[in-house]
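Reading through the structure tokens given below for one structure.
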Amino acid sequence: MRPARSRPRRAGARRGVVPPGPWPLENVLNALPGFRVKSDFGLFAGECALYRPKQVSKPTNFSEQPPSLPPRSPSVRAVSALRALHWREVSAIQEIWLCEGLCRSGMVSCAGDLLAVVVWVCFCGVRVDLRKVVKMVKICCLGAGYVGGPTMAVIALKCPAIEVVVVDISVVRIAAWNSDQLPIYEPGLDEVVKQCRGRNLFFSTDIEKHVSEADIIFVSVNTPTKTRGLGAGKAADLTYWESAARMIADVSKSDKIVVEKSTVPVKTAEAIEKILTHNSKGINFQILSNPEFLAEGTAIQDLFKPDRVLIGGRETSEGQKAVKALKDVYAHWVPEDRIITTNLWSAEISKLAANAFLAQRISSVNAISALCEATGADVTEVAYAVGRDSRIGPKFLNASVGFGGSCFQKDILNLVYICECNGLPEVAHYWKQVIKINDYQKSRFVNRVVASMFNTVSGKKIAVLGFAFKKDTGDTRETPAIDVCKGLLGDKAAISIYDPQVTEDQIQRDLAMNKFDWDHPLHLQPMSPTAVKQVSVTWDAYEATKGAHGVCILTEWDEFKTLDYQRIYDNMQKPAFVFDGRNIVNVDKLREIGFIVYSIGKPLDAWLKDMPAVA
Ligand SMILES: NC(=O)c1ccc[n+]([C@@H]2O[C@H](COP(=O)([O-])OP(=O)(O)OC[C@H]3O[C@@H](n4cnc5c(N)ncnc54)[C@H](O)[C@@H]3O)[C@@H](O)[C@H]2O)c1
């Protein structure tokens with residue numbers, strides 16, 4: 001593929017007709033092998049003229065088959081439809097009629113198909129008035145975060161005929177998305193962004209312009225837990241969502257589909273719908289719920305091959321039309337049987353329920369891990385035996401220091417609050433236990449560390465390996481490492497931290513920030529407070545562990561499995577301890593080296609048996 005070229009827009013060119021900004025169609029066409037868009041007229045005015053490549057000669061004999069479309073064309077159906085027609089008939093038909101006719105007959109069902117037809121017709125040397133035949137879909141996403149950025153990048157990659165613009169109120173974040181150093185670390189993300197940025201994927205702070213031009217608006221902004229007022233500590237704070245909705249209503253001049261991508265309480269769509277319709281100036285807004293199920297660390301893989309895409313909409317004909325429009329976007333790469341459509345409220349509850357179920361599995365196995373330690377059983381063996389039951393399954397049964405991440409706790413608290421508001425205290429209490437066990441697991445871990453070291457870590461150096469909430473991400477939101485470090489600092493430990501993806505600045509902010517403050521846009525978080533003095537951060541595991549009394553493994557990074565533990569042992573104070581919060585080290589090998597090892601839910605070292613830790 002030839003790299004997409006960008007052309008500066010001619011100032012003032014054909015005002016009133018020219019769509020603002022470069023039309024992505026030009027980039028799409030230029031990216032097709034053998035095509036070059038004539039640059040001195042046309043596209044900005046809605047016309048398309050192509051130079052046919054020299055090596056392809058125009059068919060002079062009309063009985064010849066028309067040239068085939070370039071490989072990987074977005075349209076298979078349209079091509080086969082056209083191939084079924086005789087070439088002479090095709091060329092005799094008015095090309096506009098051809099395209100409109102194909103649309104009406106249902107043979108062409110989306111912009112991608114239509115684009116392919118246009119390309120095909122142009123290839124045959126025919127000029128087409130694109131204003132009449134192509135209605136390009138334009139997507140705008142509010143929020144360039146962990147969800148908005150990767151999700152939109154994948155949509156842009158899979159739908160080259162759709163223009164995708166991701167906007168954010170954070171200037172720094174957008175600048176990072178436009179640089180070589182993306183603001184989030186996610187395996188495979190760099191490659192996806194590189195392939196489509198500047199072609200049909202754009203990052204911008206010009207929010208109002210792109211919202212007003214978009215056909216479909218995804219809202220993927222923060223939905224933090226409220227820290228004050230009604231529902232504090234549980235309910236979702238919808239400030240950012242509401243301000244986004246009001247802005248959409250303000251700047252819109254054409255009908256829009258507004259898609260909830262953020263995780264929101266049930267019935268949020270109804271509230272948003274009210275804001276939009278009460279301020280709509282006659283514009284039709286359709287609200288859809290399309291919760292995101294990606295997992296950080298495997299986001300790109302999850303987006304490429306989702307278990308399911310869930311779309312909830314109103315059961316009216318307008319609502320169903322909107323559902324179909326969004327379904328058509330995903331249908332570019334997601335098999336139809338994986339796209340589930342439902343009503344708005346079911347979609348909203350499904351997201352909260354899915355996260356609650358996942359977190360509940362972790363708390364269940366963690367609860368069993370405490371029992372295993374007390375009885376001498378091995379939680380890994382127990383989890384394996386339990387997971388072999390096909391009704392239960394093996395995934396998400398690893399005992400650990402606890403779950404983290406931006407979603408699980410927040411979504412469960414939200415669920416608890418909604419249950420309470422709906423007069424269901426028993427249900428609320430049930431889900432609250434999932435969080436209680438998670439907190440119990442973290443304090444149990446800290447108590448093990450302190451109890452093993454003669455009941456005090458005051459002035460002792462504790463090395464922390466891993467700060468992110470899981471491997472393959474730099475995300476530290478609600479990471480168990482924060483609570484474990486705070487617990488150790490409470491006992492006056494000196495902590496030395498190494499994580500391959502997390503910066504010192506981030507760690508210092510996390511340790512000094514109040515609970516839930518992290519879930520606000522970067523520039524609106526409380527100013528970075530003074531650094532915690534007893535904490536140092538290095539970029540080297542051996543440096544972090546040098547001279548330490550104990551090592552706590554808090555993230556399951558693969559590289560921690562293959563560290564030279566003999567070298568680490570040799571450079572530590574004795575007795576040397578390893579507290580494995582992710583069950584990744586070879587316990588027997590480490591004990592052979594001389595370490596006293598604590599591994600969650602595993603038979604205890606004799607040393608630890610004598611020093612029981614109660615949370
Ligand atoms: N992170 C995940 O794994 C995940 C998975 C599924 C769902 N979610 C949900 O998706 C939503 C977003 O999560 P995230 O992890 O991407 O958050 P994030 O904090 O990484 O990103 C949110 C972005 O929205 C921006 N923003 C806030 N208000 C805005 C506005 N009015 N206009 C434009 N931009 C605005 C912020 O500056 C921020 O960059 C949350 O509701 C979250 O619960 C997250």
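Cβ atoms are placed via backbone N, Cα and C, with glycine included.
Here the structure is a predicted model, which means the values were calculated and not measured.
If you look up TrEMBL, you'll see 143-148, Asp168, Arg173, 221-225, 262-263, Glu296, 407-410, Arg477 marked as NAD(+) binding site. What TrEMBL lists as active site, nucleophile is Cys407. Residues or ranges marked as domain 'UDP-glucose/GDP-mannose dehydrogenase C-terminal' by TrEMBL: 463-587.
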Exercise for the section: From the recorded positions listed here (Gly143, Asn222, Thr225, Cys407, Gln409), select those whose CB sits under 6 A from an atom of ligand 1. Expected result: Gly143, Asn222, Cys407
Exercise for the section: Using DSSP reduced to three states, classify Gln409 (NAD(+) binding site) as helix, strand or coil. Expected result: helix
Exercise for the section: Grab the pLDDT values for the domain 'UDP-glucose/GDP-mannose dehydrogenase C-terminal' (463-587) and give me their mean, rounded. Expected result: 92
Problem - Residue with minimal Cβ packing [other Cβ atoms within 10 Å] among the binding-site residues Thr225, Gln409 - result: Thr225
Completion exercise
In the three-state DSSP scheme, Thr225 (NAD(+) binding site) belongs to strand
Exercise for the section: For the domain 'UDP-glucose/GDP-mannose dehydrogenase C-terminal' (463-587), jot down how many residues DSSP puts in helix, in strand and in coil. Expected result: 43 helix, 20 strand, 62 coil
Completion exercise
So Gly143 (NAD(+) binding site), by the Cβ count within 10 Å over all chains shown, scores 27
